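Below: the structure, in structure tokens.
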Amino acid sequence: MPPPSTSATWTGHPRIRGASEPLQLFLLTASLIGLQFCWGTEMTYCTPFLLSLGLSKSSLSLVWVAGPLSGLIMQPVIGMISDRWTGRWGRRRPFMVGGTVGVVILLGVLGWCEGLVGAFGGGRGATIVVAVVDIFVLDFVINIVQSTCRSLIVDTLPVEKQQLGSAWGMYISPPRSLELTGLGHLMVYAVGSLDLVALLGPTFLGDTQFKKVCAIAALAIAVAQGVTCWAVSERVLVSSGTEKDGSSKSATTIVKDLYKTTMNLPPPIQAICWVQFWSWIGWFPFLFYSSTWVGEIYMRYDAPEQASPVSSSDALSDVGRVGSRALIVFAFVSFAFSILLPYIARTSDDGPPYTPRPPQSLEPILKGVRLPSSWKPTLPAAWMIANVLFAITMIFAPVVHSVHFATILVAICGLPWSIGGWASFALMGTEINRLSTSLPQSQGNTTSSYRQLSTTDEMEMTSDPSPPRTLHLRHDSEADADVHTSTGELAGVYLGILNLYTTLPQFVGTGISTIVFSILEPGKSPELAQHAPPEEHHSAEGVSGIGVCLFIGAVCAMWAAWKCRKLGGTW
């Protein structure tokens, strides 16, 4: 987001509690762990939950339009509103707190919607309506929290520490934001894989697996957001200056400028965007349906007699746990390879090197196994290989009849996910830096490019003598800020367009899924909608509808690999 006008006036300084830099960065980015629990609950349990209520898969696919739609609408809207917020608690934290309260309430309604609707005399149809509306609103409110959490990181850290702050966010952020799978990802799937009813008892946090997962996600986001809001103090915007200088752009003007820029992208950036577009058509069905796909395979082919669809007392819990176990392995593979990737891939021959960012405890080991540069594929080549690997893996999806084989396929996909999540932003950053060097000084750019930063740079801080002990982060001078502003605005525009090429494929994926499910599985789920009479169930024989969607995604990923040819330095 572009910064407020230069005539803006502020009071106070951004500060983070903590006696060391790693602790400060953890407290600053802890809010993203809570967000991961919410996204993970949606991805793992909401699909089988809606199917258990009797929603058909073709209708279900339309529900997931809420994710990309909320991202397109809420993130820029909340970004613009919070940019100009002049409250005493800062620009971002009021929205983080308000959004978190909304998320907690909505997760409670989702987990207990059957009982709530039943208390008012509503039937299963009313329960489906309440659940669908709740998920739609939940996606929009989560995006309020996510947008302001990320803006808080940018607001708080000085320019020279933005890369390091982003790296911390990458290790613990949600997958829907396109960054590397990390600790929060592993935690949420680990929780979902446990038999929480047996572990916590039948009364604590609800009497079903789904209720307990919703409750834990609500507790996680409340604690994580509370930690960050407590630890971080913001500068307070007194006046944005737009009322005086009239520099504020209308929403219509912003949309027109974005459209004009999108239609006239530089060729290298356009090539990156098209690879992202086609690869994300492939990733959409995987991210939203893979856990349900693994769970269905388990119920159809591998479940013991006592857990079969006919006799299981809680098929939703069985499907959720099995799906979560597969995603744990996926998350572990992705997290591990994301640490190794900067050591085994390089930029194109004429590009600057990427900065590896392993945990300090692993850095000596990784430096010891550093590959010779001539052995490393370029990052465009690695992205091409990742798309090919994902395509080859998901081609088998329609014919899988073993939960172990399905789990192996999901785990393998962790490798291309780690590359795809990093490559698009890294390559886009390289191209933005190259464009920055070509901007004339009359446009306000007086530097040749961004500085290549190391994660070992020391953050310039001063102690605040007032208790409790806090650390004051010194930002660049106004002159330096102006230098970085022009380039930052350029980055904001092109990264916003990249986000557009990430979001639009999800609408395409929704349309594909709706058509596939309408043809292959038009009825209700025999594994989950056990209350429905048999004649309303779709057949459990033949090809899996989700498997076909994954296969179509594989074809799109292969086309994305072909599009990688237009990226510089592919081989």
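Cβ from N, Cα, C; glycine included.
Features of the protein shown, as given by TrEMBL:
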| type | residues | note |
| --- | --- | --- |
| TRANSMEM | 62-82 | transmembrane segment |
| TRANSMEM | 94-113 | transmembrane segment |
| TRANSMEM | 125-145 | transmembrane segment |
| TRANSMEM | 213-233 | transmembrane segment |
| TRANSMEM | 269-290 | transmembrane segment |
| TRANSMEM | 326-345 | transmembrane segment |
| TRANSMEM | 381-400 | transmembrane segment |
| TRANSMEM | 407-428 | transmembrane segment |
| COMPBIAS | 437-456 | compositional bias 'Polar residues' |
| REGION | 437-469 | region 'Disordered' |
| TRANSMEM | 543-562 | transmembrane segment |
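As a quick check, the transmembrane segment (125-145) and the transmembrane segment (62-82) clear the bar of 3 or more Cβ pairs under 8 A, pairs 6 or more apart, so the two touch. No contact links the transmembrane segment (381-400) to the transmembrane segment (94-113), because fewer than 3 Cβ pairs that are 6 or more residues apart lie under 8 A. Counting Cβ pairs under 8 Å to the transmembrane segment (269-290), the stretch among 62-82, 94-113, 543-562 with the most such contacts is 543-562.
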